[in-house]
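A.B. asks: Shown below is the structure under consideration.
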Amino acid sequence: MRRFLLLYATQRGQAKAIAEEISEQAVSHGFSADLHCISESEKYDLKTETGPLVMVVSTTGTGDPPDTARKFVKEIHNKTLPTDYFAHLRYGLLGLGDSEYTYFCNGGKVIDKRLQELGAQRFYDTGHADDCVGLELVVEPWIDGLWAALTKHFKSLGGQENMSDTLSRASDAPLSTAMKPELLHIQSQVELLRLEDVGERDSELREQNETNRGQQGRIEDFDSSLVHSVPPLSQSSLSIPAVPPEYLEVHLQESLGQEENQASVPSGDPSFQVPISKAIRLTTNDAVKSTLLLELDISKIEFSHQPGDSFNVTCPNSDREVEELLQRLQLADKRAHRVILKIKTDTKKKGAALPAHVPEGRSLQFILTWCLEIRAVPKKAFLRALAEHTSSATEKRRLQELCSKQGAADYNRFIRDASVCLLDLLLTFPSCQPPLSLLLEHLPKLQPRPYSCASSSLRHPDKLHFVFNIVEFPPSTTAASPRKGVCTGWLATLVAPFLQPNTDVSNADSGDTLAPEIRISPRATNAFHLPEDPSAPIIMVGPGTGVAPFVGFLQHREKLQEQHPDGKFGAMWLFFGCRHKDRDYLFREELRHFLKTGVLTHLKVSFSRDAAPDGEEAPAKYVQDNLQRHSQQVARTLLQENGYIYVCGDAKNMAKDVNDTLIGIISNEAGVDKLEAMKTLATLKQEKRYLQDIWS
């Protein structure tokens, strides 16, 4: 068979699943995929690779390559590498991203760009799949086209076609080869800012997204639902994926009664069990969202951190949802049985391996509670597998529709956008009775949840604060009862017995109630820290819980000023926003204290739901409105005083709006056009003077 090297760079398993799908399909097209995680550098060597390379690369954080690709990215960015280092290499790359974030698909773009700079050439156009509208809209046609591109590549090696023809489509690389080397990175950053009037590829993406939304809109005109389709889909012949090969053999053994706890959860990072020493409600009871602050006692562990860092919290699934799942799977009487896994001897799955996130010999209840993401939105391959275990012909057909090419719009509307999970499907399709092995094959690892540090170790030695909203999901057509966020709901229940009402954080007492413990682990360090030069002015933009790291910044700066009374410290601006002044103004007293003492130079607060008193000017509704009102000072800080700007909070709307506002401010105040303003902002990002800590 014709061999190609297939590498994936994954953060949460999405890229791995797609790469495995490519590997499975390869055989039927006459190819053999040599599949590896990009971090397994001992198993491949791109410098001597003779076969074509196919890569699937995800994006994490604010446009970073995934953790598994960090070493690879660092190595290929070695400045001593010659420009023909990869001249022998022919590749195709599929990037995964989310257009709700500013730096869409940047993980893939960084690698794609560097491979080009080192002489590699594409045998197949790069794909950019958007999780905002559905990865499969790009992933499926990209995989379909891959086989023809590979066939053409191998034919060209045999002299049947001219290599230049094979590679002609690679000539549309986004960066001009005539561009000066020092401008390459800036130009790349500008491209990734994704303004609507710049970039041919982005316009194509938007057209594709609009087409998809149009498909969904047409469906809404009919009485379709998760369980029911309408013409033309209900009458169409379906193109559905092949049934994923089963590969796990599961045995349930009666337990000997061993004790199980969080420490049994597999983790690649060092983790620590720490007590919660304080819990405070920061919002009033009538606030739209409930926001809590938790204080952790880290005095017994080595856990160094600084303001701007984040850390992971290991959390379980909801007890109620686990119980419902056990009942629905008819396994409630075996909840305490130990789960023993083996690879099926006759499996057709290439490279089948036991899931690393399922510990050996743990109880079924423990695995469903601590190891599997039972809230995960099922991928189409999972739906296809579930259809094979559905006895009702009507229900089976509907599951097949939802995983078919023809049913892509229905999948987006009723599965992905509705955040439907396995339990929802099993309750909606009562004749579906999958074996436990299928769940263990398809449910991903229950991921720890990241939180920003909201305190300084200088102000609170041996303590660690973090802040979160209790995420709540109202009842829906698939979930009859309301649900809370997996981690935030669990934490809220955990601290309910000793939760203190809205109060000044610094004056809150540690309760006498026995403190529950949670497991935390450090995350990779980032650049979201105070400047090394304390005299540099900074602008902080953080509405809602996005203010958390900035409270840590201010605590840290206050202590530094106390320790160095003659030191020179730059101005600190904080743009904060909330809904109501009297309900969810987080850290109000502490922020006023910082303003009074001069640690905080300017505090600009916007209230999106409060009306202006009679006769007064309407207040700014959002943080970007306040930025615009102070555009001269913002521009002077960034462009003349070498200042820094930090943005923390929601990626979907706020971060984009702030980014657009900054471009407008630079354009107006510096008297340059939009493109030049984008270049300036890209330079700030490259210099790590424009930093983001955002989430969706």
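Positions of Cβ are set from backbone N, Cα and C atoms, glycine also.
Fair warning: this is a prediction, and the values are worked out from it, not measured in the lab.
Sharing the features that Swiss-Prot gives for it:
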BINDING   10-14, 93-124  FMN binding site
BINDING   Lys289, Ser608, Arg609, Tyr622, Val623, Gln624, Asp657  NADP(+) binding site
BINDING   Arg449, Pro450, Tyr451, Ser452, Gly485, Val486, Cys487, Thr488, Trp695  FAD binding site
DOMAIN    4-147  domain 'Flavodoxin-like'
DOMAIN    269-531  domain 'FAD-binding FR-type'
MOD_RES   Ser171  phosphoserine
MOD_RES   Ser188  phosphoserine
REGION    166-245  region 'Hinge'
A.B. asks: Rounded to an integer, what is the Cα-Cα distance in Å between Asp657 (NADP(+) binding site) and Tyr103 (FMN binding site)?
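C.D. replies: Cα of Asp657 (NADP(+) binding site) to Cα of Tyr103 (FMN binding site) measures 14 Å after rounding.
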A.B. asks: Neighbour count, 10 Å Cβ-Cβ cut-off, for Ser608 (NADP(+) binding site): what number do you get?
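C.D. replies: Here the count is 15.
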A.B. asks: Give the sequence-ordered list of residues that share a chain with Val623 (NADP(+) binding site), lie 6 or more positions from it, and have CB atoms under 8 Å from its CB.
C.D. replies: Val541, Gly542, Pro543, Phe575, Phe576, Gly577, Ser606, Met654, Val658
A.B. asks: Rounded to a whole angstrom, what is the C-alpha distance between Tyr622 (NADP(+) binding site) and Gly108 (FMN binding site)?
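C.D. replies: Distance (Cα to Cα, whole Å): 33 Å.
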A.B. asks: Please work out the mean pLDDT for the residues of the region 'Hinge' (166-245).
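C.D. replies: Averaged over the region 'Hinge' (166-245), the predicted model reaches a pLDDT of 55.
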A.B. asks: Measuring Cα to Cα, how many Å separate Asp98 (FMN binding site) from Gly485 (FAD binding site)?
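C.D. replies: Rounded to a whole number, the Cα-Cα distance is 21 Å.
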A.B. asks: Could you find out if DSSP has Cys487 (FAD binding site) as helix, strand or coil?
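C.D. replies: Assignment for Cys487 (FAD binding site) reads helix.
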A.B. asks: Work out, from DSSP, the number of helix, strand and coil residues along the domain 'Flavodoxin-like' (4-147).
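C.D. replies: Tallied per class, the domain 'Flavodoxin-like' (4-147) gives 52 helix, 34 strand, 58 coil.
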A.B. asks: Can you tell which of the binding-site residues (Tyr103, Trp695) has the fewest other C-beta atoms within 10 angstroms of its C-beta?
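C.D. replies: Comparing Cβ neighbours within 10 Å for the binding-site residues Tyr103, Trp695, Trp695 has the fewest.
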A.B. asks: At 10 angstroms around each C-beta, which of the binding-site residues Lys113, Lys289, Arg449, Arg609 has the fewest other C-beta atoms nearby?
C.D. replies: Arg609
A.B. asks: Using a Cβ cut-off under 8 Å and a sequence separation of 6 or more, which residues in the same chain sit near Leu93 (FMN binding site)?
C.D. replies: Val54, Met55, Val56, Val57, Gly108, Ile111, Asp112, Leu115, Arg122, Thr126, Gly127
A.B. asks: Could you state the whole-number distance in Å separating the C-alpha atoms of Leu118 (FMN binding site) and Arg449 (FAD binding site)?
C.D. replies: 37
A.B. asks: So among Thr10, Tyr103, Cys487, all listed as binding-site residues, which is physically nearest to Lys289 (NADP(+) binding site)? Use the C-alpha atoms.
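C.D. replies: Checked the binding-site residues Thr10, Tyr103, Cys487; minimum Cα distance to Lys289 (NADP(+) binding site) goes to Cys487.
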A.B. asks: Could you check what DSSP calls Ser608 (NADP(+) binding site) once collapsed to helix, strand or coil?
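C.D. replies: The three-state answer is coil.
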A.B. asks: Please state whether DSSP places Tyr451 (FAD binding site) in a helix, a strand or coil.
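C.D. replies: Assignment for Tyr451 (FAD binding site) reads strand.
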